[in-house]
Structures are given as structure tokens and as C-alpha cells.
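Here the structure comes first, spelled out in C-alpha cells, and everything after it is commentary.
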Amino acid sequence: MYFSVFVVNHGFLIYVLLSDLQDNNHIERVPANAFRGLCTQTIIIRLNRNGIKEVASDAFNGTKMHRLYLRGNTQLTHINPNAFVGSSELVVLDISHTALSSLPDYILGGLQELIAEAAHNLKKLPPLELFTKLRQANLTYPSHCCLLQNISRNRSSWHTLCSHPEAQYNRQFHRDYCSNSTSITCSPAQDAFNPCEDIMPSVPLRVLIWIISILALLGNTAVLLVLLGSRCKLTVPRFLMCHLAFSDLCMGIYLVIIASVDMRTRSQYCSYAIYWQTGLGCSAAGFFTVFASELSVFTLTAITLERWHTITNALRLDRKLRLRHACIVMTAGWIFSSLAALLPTVGVSSYEKVSICLPMDVDHLVSQVYVVSLLLLNILAFFCVCGCYLSIYLTVRNPSSAPAHAETCVAQRMAILIFTDFVCMAPISFFAVSAALKLPLITISDAKILLVLFYPINSCSNPFLYAFFTRTFRRDFFLFTARFGLFKTRAQIYRTESSFRSHVTLYSLHISH
């Protein structure tokens with residue numbers, strides 16, 4: 001169908017012919033010279049909501065297109081680079097709701113308006129210097145608008161009418177032909193989740209994330225090597241410590257992934273944002289951090305409950321926690337943590353929302369319930385840990401016989417454990433719950449500070465609080481390294497002490513009988 005219409009261009013009325021071929025699923029291809037010879041006037045072509053899959057070379061040869069609409073051709077994956085050869089004057093292009101992943105360079109120089117809404121496959125824009133006249137863009141991704149804000153246009157010459165006294169009063173004409181202005185109206189603009197910045201927006205954060213990630217990797221790897229390489233019997237506390245070290249090691253891996261991508265995309269993140277956030281890398285990083293976080297919290301709670309149960313039932317050998325019980329508990333923890341980490345990959349929230357790959361998508365009720373539930377479970381675990389440590393302290397506290405120094409040491413150690421948990425959990429939980437309820441109190445830029453300074457605190461401190469600072473682990477460490485020729489003297493001291501304790505225990509048993 002063809003219609004004659006008038007349109008306004010730079011203040012002038014232009015007579016154009018409208019070609020309207022829409023809502024026809026049988027149109028699967030735009031062949032070469034499809035519109036050649038139809039008219040000599042400027043033409044608007046609407047090919048919306050057809051079944052078009054391909055636009056062939058020279059498809060618009062011989063036309064003077066003012067606007068081309070390809071909206072709604074969901075199967076359109078390819079426009080031949082030479083499709084617009086022989087055509088001219090295209091100023092508006094609409095490729096919304098298509099599967100196009102690239103645009104032909106030929107037409108971009110004269111393009112003034114680009115419409116590419118819900119064009120999710122268009123993850124990378126053509127070279128920005130090709131958009132010499134673009135003044136309006138309606139795109140899919142905020143990061144593309146960040147790029148368009150930085151376009152630098154250098155015109156060697158202005159239009160011949162720029163010297164006319166009336167030219168400055170025609171704002172549109174003056175902006176397009178008589179100035180070096182780079183102003184482009186673009187949507188969607190940056191928002192709270194997608195600011196125009198690198199993954200790590202400042203140098204201090206870049207340095208800190210590397211320091212913390214390396215500490216988490218080295219500390220937890222050392223714990224795993226010593227515990228798994230020890231020749232001592234695998235007890236319940238050792239078993240639980242292995243799981244805690246592994247979960248914290250996964251957190252270190254997540255931090256290294258984020259730090260590495262930030263280093264690679266420094267000052268150019270907007271160019272890579274879509275590929276990163278919608279790719280497997282971000283999903284893998286998100287899985288690592290949610291899995292690590294939930295398994296770490298679960299294991300910390302299990303360790304605390306095991307200590308509480310052992311101390312409060314010290315004289316009840318029939319109630320002693322066995323290794324098989326710990327295996328059942330940790331199997332449940334692995335299943336829960338894995339499910340929690342997998343849900344965002346199947347549509348319950350999403351890891352694609354932000355550059356740091358956390359499940360911050362709460363646009364739907366199911367996603368809100370998921371995020372809030374995880375946070376509330378973590379808060380509940382924290383109070384459980386606090387309650388158990390308080391009970392342990394009251395149990396071991398014996399004013400009539402226990403030295404004040406010993407009591408103080410126990411109190412200080414438990415205070416440190418609770419304090420590190422609180423520092424890690426409180427800021428994250430408070431701001432995350434407010435964001436999940438769509439009442440955000442901080443921006444994603446501020447959230448990155450929490451990510452680096454508070455989120456991984458447990459992953460760095462746990463190896464020290466639960467392993468390196470304990471006498472049992474230090475003994476295992478020196479015995480383990482002695483097998484490689486290191487710290488032989490210290491290892492021999494621990495062997496002598498262990499042998500002496502064994503003899504004392506046997507002697508005591510002999511006397512009692």
C-alpha cells in the first residue's frame with residue numbers, strides 16, 4: 001500500500017511516499033532492488049511485524065528513503081552490509097524487537113534517529129565516529145547511552161547557510177549543521193543499577209579488591225591443604241572446617257573474577273558491559289558468590305551449633321555428634337546453597353542486573369521473595385550464632401574456680417567471632433533488604449564499597465579465627481610442612497608434646513583402674 005504524506009525536516013515541508021507492508025508473516029526476505037523504480041520522491045518504508053529473516057544486498061537500491069521501519073520482525077538476524085548501496089537520505093531507522101546483532105555502516109553517517117528498543121542481540125554498537133548526525137537514540141541497554149554521551153564530532157566545514165542571519169534561530173538546523181555539539185537524546189539513560197562507570201569506580205577499590213581476594217585465596221587454600229593433607233583422624237570439627245574453607249575459597253574466586261574483568265575493561269567498561277553482564281562469565285561469578293555466601297553462613301552456623309552441643313553435653317558421650325551426622329548436615333547445606341545460586345540462572349531474580357553480578361533484580365514478586373528470604377535466613381543464622389556463643393560463655397564461666405584471665409580470653413575470642421559476623425552481615429543485609437523492598441538507600445556505586453570492604457570479611461577472617469589462631473591447626477600445619485623439610489624443629493616439639501599427653505592419659509587411666 002502507498003500513501004502520499006508531508007513531513008517536516010529542518011523546518012521544511014517534504015513530500016514523501018509511504019510504503020506500508022505490515023503484518024504479513026509470508027514476507028521472509030527483502031530481495032535486491034525490491035523498491036527500485038517505484039517512485040522518484042522521498043519514500044517512507046514500513047515493514048513492521050512481518051516474517052522477515054534477511055535483507056539482501058542492494059535491497060533498497062534506487063530509493064530515496066526518509067525512514068525505514070523494521071520493528072517487530074523477531075526473526076530478522078541479518079542485514080547485508082550492501083543492502084543500502086544505491087539509496088540515500090535515510091534519517092530514521094527502527095529495528096526494535098528484532099534479532100539483529102549488527103548494523104550496516106553505510107547508512108550511519110546520515111542517520112539522525114536510531115530506534116532499537118528490545119533489540120537484545122544488538123550488544124555492541126558500530127564505531128561511534130560513524131554517527132556524525134545522530135541526535136536521538138532509543139536503545140535497549142543503558143551502557144550504550146553512556147557511550148553515545150562521549151561521541152566526539154569534528155566537522156571540517158559547516159553548512160553554507162550557517163552564515164545566514166536566520167540560521168541561528170532554527171535550533172535544529174543550527175545544531176545539526178552549524179555547531180560541534182555532541183548532545184544526543186538517548187534512552188534508557190543510566191540508572192541506579194547501571195551507572196556510567198567501571199566495575200570498580202576508583203583506584204583504592206581496585207587495590208583493595210585484589211588484596212582481599214588474594215588473602216582469601218591463599219588463606220583458605222592453606223587451610224584446605226593442611227586439613228586434607230594431615231595424617232590425623234578426620235574429626236567433625238576438621239570436616240566442618242574443610243567445608244568452611246572451601247566456601248570461602250569460592251568467595252575469593254568470585255572476587256578475582258570481578259577484579260580481573262575490571263582490570264581488562266578499565267576506562268572502557270561501557271563497551272563491554274552487555275557482553276559481560278549477559279554472558280556466562282557473569283553468571284558463573286554470580287553463582288560462585290551466592291553459593292559461597294550461603295554455604296559459608298550455613299557452615300559457620302553448623303560449626304557454632306557443634307561447639308555448643310559438645311560443650312553443653314560434655315559429660316553425655318551418648319549425645320556426641322558423629323561424623324555421619326555432620327555429613328548429613330553438610331549435604332543439606334550443599335543442596336540448599338546450590339539451589340540458591342542456581343535460581344537466578346532460571347529467571348528467579350538475575351545476575352545480569354549489575355556489573356558485579358549479584359542477584360539484584362527485584363522487578364517481580366518472586367524475585368523479591370527470593371532475595372528477601374535469603375537475607376532473612378542469613379540474619380536468622382547470625383542470631384543463632386550469637387545465641388549459641390552466649391550459651392557457651394555462660395557454660396564455661398565458673399566464677400568459683402575459673403581464673404579471671406581464662407574467662408576474659410574466652411569472652412574476647414567469642415566477641416571477635418560475633419563482631420566479624422556482625423560487620424559482614426549488618427551493612428549488607430540492611431541495605432539489601434531496603435533495595436529488595438524497592439526502597440534503595442544507596443546507589444550501586446556505594447554498594448560496591450560494601451562489596452569490597454564488608455561482604456568478604458568472613459572469607460578473609462575465617463581462616464585466622466577458626467584455623468590459624470588455634471593450637472590444633474598450628475600443630476597440623478607444622479607436622480604437614482615437616483613432610484616437605486620445613487619447620488622440622490617446631491614439628492618435633494609438637495610430636496613430643498603429643499606423645500607426652502598420650503602417656504599422661506594412659507597413666508591416668510591405669511591409676512583409675
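Counting starts with 1 at the first residue shown.
For all residues, glycine too, the Cβ spot is worked out from N, Cα and C.
Per TrEMBL, the feature signal peptide maps to 1-19.
Taken from TrEMBL, the feature transmembrane segment applies to 207-228 (among others).
Marked as domain 'G-protein coupled receptors family 1 profile' by TrEMBL: 219-466. The average pLDDT the prediction assigns to the domain 'G-protein coupled receptors family 1 profile' (219-466) is 82.
What TrEMBL lists as transmembrane segment is 240-261 (among others).
The annotation transmembrane segment is assigned in TrEMBL to 273-305 (among others).
Long-range Cβ contacts of the transmembrane segment (326-349) within its own chain (Cβ-Cβ under 8 Å, at least 6 residues beyond either end) map to 236, 239-240, 243, 247, 283, 286-288, 290-291, 294-295, 298-299, 302, 306, 359-362, 366-367, 370-371, 374. Among the features that TrEMBL reports, transmembrane segment is placed at 326-349 (among others).
As annotated by TrEMBL, transmembrane segment applies to 369-394 (among others).
Summarising the annotation, TrEMBL assigns transmembrane segment to 415-437 (among others).
If you look up TrEMBL, you'll see 449-469 (among others) marked as transmembrane segment.
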Spatial neighbours of the transmembrane segment (207-228) far in sequence, C-beta under 8 Å, 6+ residues away: 200, 238, 241-242, 245-246, 248-249, 251-253, 255-256, 258-259, 262, 452-453, 456, 459-460, 462-464, 467-468, 473, 476-477, 480
